[in-house]
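S.K.: In case it helps, Swiss-Prot gives these features for our protein:
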type	residues	note
BINDING	H17, D172, A173, K174, R245, F246, D254, R260, K261, A277, K281	ATP binding site
BINDING	D19	Mg(2+) binding site
BINDING	E45	K(+) binding site
BINDING	E58, Q101, D254, K285	L-methionine binding site
REGION	101-111	region 'Flexible loop'
Amino acid sequence: MSQKRYFFTSESVSEGHPDKVADQISDAVLDDFLRQDSTSRVACETFVTTGQVIVGGEVTTKGIVDVQTIARKVITDIGYTKGEYMFEANSCGILSALHSQSPDINRGVDRKEEIADEFDRVGAGDQGMMFGYACTETPELMPAAIQFAQQLVKKLAEIRKEGKMMTYLRPDAKSQVTLEYENDIAKRVDAIVISTQHDPEPAGISEAEWQEIIKKDVIENVIKVLIPANMIDENTKLHINPTGRFEIGGPHGDTGLTGRKIIVDTYGGAAPHGGGAFSGKDPSKVDRSAAYAARHVAKNIVAAGLAEKCTVQVSYAIGVARPVSIYINTHDTAKHGLSDNQIQEKAEAIFDLRPAAIIKHFGLDKPNGWCYQQTAAYGHFGRDIFPWEKTDKVAELKAAFKLA
């Protein structure tokens, strides 16, 4: 039998990437609203550019948020603390343009008290379809390429913040990982691309010499530390700052906007995406909460050993609590002789995908031990700190199919 061979690539960006700066500010604002009023309705968008931050959107809340203080703290924590970056926490201008949510939308989301079932009282915040995915490629049940890509830029940030080596690093960075597959199994890393912002070369060192130093440091302190040695061979291509100098970056180099890194936020292109971004949205927005729930369904199906891969789609109508449709596809990897229809039937009985039920199950209105700002860099999935990553339905799924 001939082997199926192909290459697959995913990318990530660091917390200092301009789009991620925007995401983190939006989610930090959301966190503060929810801390004051867990019923807050928030849709917060952020725009960042040279020396400027604009925060806008719609809210319904009893809370009062100091956008200036929140944004400056986020920017400081990321590491934009030097004037030479042309985007600095204490000196950048910050404009808040938050205003009240449309009563038409609010009327559809918050239903009347006389409805008997509390989970039917909260309708979906909008129409749309959301996807969840899980697979057996990594211990986190995530696709390997996106996991590696996330880990690489996260390691760069950890080194930069620790300040003991590679002290020339600046906050902006990107990564990209290409894996070679045989029969749907990742066999090796074919290519890694890392572009990291850095200080100018020291006096007496040429640009070419400086880039060689950076390349060597990234390979030794980042790539070799994170990527398993058996996944890298003499044919693996390593592209470190392939364009050369990368001094101008962050919001000064490129304008950043909330919600522009939706594939980085999810599965690196290994699964479909419904198109709705996450950051800055309270959990009544199913773009966010239902995507988290769909991941929870897919992960539990795979963790229960029912399939090696699982894609879940759920869709909603605005103001309606129950999903319009649910779809499960195990990509011909279902086990124990099960069909996708059988798995879907049991999953629909076990997982309540009404928005209010999702919010209650995960505590999305009152985050405990985590916050939304944490989701806004390095991925919303494959990280155990988040409640939707729990495999707490495995026993029920196994019992439903009478599996030991």
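Note that Cβ sites are derived from N, Cα and C of the backbone, with glycine treated the same way.
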S.K.: Roughly where does the region 'Flexible loop' (101-111) sit in mean pLDDT, to the nearest integer?
M.R.: 63
S.K.: Tell me which of the binding-site residues D19, E45, Q101, K285 ends up closest to K261 (ATP binding site) in space, Cα to Cα.
M.R.: D19
S.K.: How many neighbouring Cβ atoms, not counting its own, are there within 10 Å of the Cβ of K261 (ATP binding site)?
M.R.: 24
S.K.: Which whole number of Å gives the largest C-alpha distance between any two of E58, Q101, D254, K285, the residues noted as binding L-methionine?
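M.R.: The widest Cα-Cα gap among those binding residues is 30 Å.
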S.K.: As a test of the contact definition, list every same-chain residue at least 6 positions from R245 (ATP binding site) whose Cβ is closer than 8 Å to its Cβ.
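M.R.: Set apart from R245 (ATP binding site) by at least 6 residues yet with Cβ under 8 Å, we have E207, Q211.
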S.K.: Among E45, E58, Q101, K285, these being the binding-site residues, pick the one whose CA is nearest to that of D254 (ATP binding site).
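M.R.: Checked the binding-site residues E45, E58, Q101, K285; minimum Cα distance to D254 (ATP binding site) goes to E45.
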S.K.: Where the distance is taken from Cα to Cα, which of the binding-site residues E58, A173, K281 turns out closest to the residue listed as 'Mg(2+) binding site'?
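M.R.: The answer is A173.
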